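Student: One structure is given below, represented as structure tokens, and several questions about it will come after.
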Amino acid sequence: MAGTRSLLLLPGDGIGPEVMRQVRRYIDWMARKRGIEFTVEEGLVGGAAIDAQGVPLTDATLEKAKAADAVLFGAVGGPKWDGLGFDMRPEAGLLRLRKELDLFANLRPAKVFDALVDASSLKPDIVRGLDVMIVRELTGGIYFGEPRGIEDLGNGQRRGVNTQVYTTAEIHRVARIAFELARKRGNKVCSVEKGNVMESGLLWRQEVTALHRAEYGDVELSHMLADACSMQLVRNPGQFDVIVTDNLFGDMLSDEAAMLTGSIGMLPSASLGAPDADGKRRALYEPVHGSAPDIAGRDMANPIAMLLSLGMALRWSFDLHTEADMLEQAVQNVLRTGMRTSDIMQPGMARCSTSVMADTILRELDKLAA
Ligand code: NAD
């Protein structure tokens with residue numbers, strides 16, 4: 001596989017380019033110290049693309065994204081582009097990528113690093129050791145279902161409509177990812193819906209159960225209603241390994257789980273498509289955070305979410321599990337020394353910049369690789 005690994009970097013706006021710069025440094029480190037090379041291309045997306053190319057994502061960049069083994073996305077958006085119409089906003093670039101690459105499964109790990117156990121708003125006892133993976137269906141459900149729209153009823157009243165709709169195939173493909181993931185982790189899947197009040201939720205439960213019975217009987221499967229799950233996530237999050245859920249509930253539950261960890265600057269994510277004939281999936285990796293215009297250009301952003309997003313790419317797109325483990329270990333070790341960017345700063349710790357955090361992680365990797 002050496003020499004054939006291709007990455008498209010789309011840094012975007014705000015802190016996107018600053019954190020992506022650290023990814024470049026890590027990629028160079030991999031080539032120098034591990035002999036693992038990537039073919040790297042870079043493109044514009046979001047506000048940066050609007051300014052230079054007139055649209056948030058050009059067809060040419062989209063084609064590069066389709067051709068790459070993995071896309072690494074920074075963040076898009078900022079006040080400069082807030083007044084633009086919906087289709088011309090920076091976020092439209094990301095939505096188009098997700099749609100055109102058919103990225104139907106969004107993986108959002110919520111992991112609490114030991115050194116940051118006090119950063120959570122929950123008691124340390126509740127979040128210590130937390131390691132939950134939320135698999136959210138990303139291209140179906142109520143955000144895309146028809147009919148939709150706002151209708152004028154002509155009597156001074158209006159009516160807003162969205163439709164929650166799922167098919168067997170849509171449920172199976174995302175559930176399959178959850179089961180496969182669970183096999184590599186704690187071997188437990190909790191499927192979440194509102195089957196008590198929604199037919200689409202009932203279908204979800206039945207189809208996940210059928211797939212489990214047919215192909216994944218070795219994985220422990222449980223079911224939970226979405227409202228109960230949101231309570232359990234703050235009450236006893238340690239009970240979960242992999243949660244699989246639809247687009248709407250996944251949107252909310254993944255943000256809730258993210259907050260258990262205490263910092264948005266630490267959280268990576270992956271969005272995966274269907275495997276092609278060679279078993280290779282289209283994939284886009286990005287930090288959960290946005291473009292953080294309030295700190296952009298000040299070398300203050302935490303680069304860890306972006307670096308861990310690359311870590312997910314190493315695992316999911318390139319099968320480089322040893323290197324992914326090393327990167328996570330390096331992050332753990334550096335946090336243990338007390339080094340903190342301002343978003344995760346705590347009393348008695350040492351505040352550092354984006355670049356110094358990345359320098360320190362690279363030095364730690366040197367030690368681990370020695
Ligand atoms: P945000 O995530 O950009 O920032 C929220 C807060 O977290 C800010 O105070 C910011 O300084 C801080 N923060 C975020 N990432 C950080 C990091 N790596 N290190 C340190 N601090 C960090 O969310 P927002 O303020 O709601 O949105 C800002 C812009 O980003 C908006 O234009 C929004 O549309 C866009 N956005 C983009 C994406 C994306 O590209 N996927 C996601 C969310 C928001």
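Note that Cβ sites are derived from N, Cα and C of the backbone, with glycine treated the same way.
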Student: May I ask you to find which of Arg89, Arg108, Arg128, Arg148 TrEMBL records for the substrate site already listed with Arg98, Arg136, Asp227?
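Tutor: My reading of TrEMBL gives Arg108 as the candidate in that site.
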Student: Measuring Cα to Cα, tell me the gap between Asp255 (Mg(2+) binding site) and Arg108 (substrate binding site) in whole angstrom.
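Tutor: Taking the Cα atoms only, Asp255 (Mg(2+) binding site) lies 9 Å from Arg108 (substrate binding site).
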Student: Over the domain 'Isopropylmalate dehydrogenase-like' (6-361), what is the model's mean pLDDT?
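Tutor: It averages 95.
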Student: Fill in the CA-CA distance, Gly78 (NAD(+) binding site) to Arg98 (substrate binding site), as an integer in Å.
Tutor: 20
Student: Report, in whole Å, the straight Cα-to-Cα distance of Ala292 (NAD(+) binding site) from Arg108 (substrate binding site).
Tutor: 20
Student: Please go through the recorded positions Asp82, Phe86, Arg108, Tyr143, Ala296 one by one and keep those whose C-beta falls under 6 A from any atom of ligand 1; give the result in sequence order.
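Tutor: None, as no Cβ falls under 6 Å.
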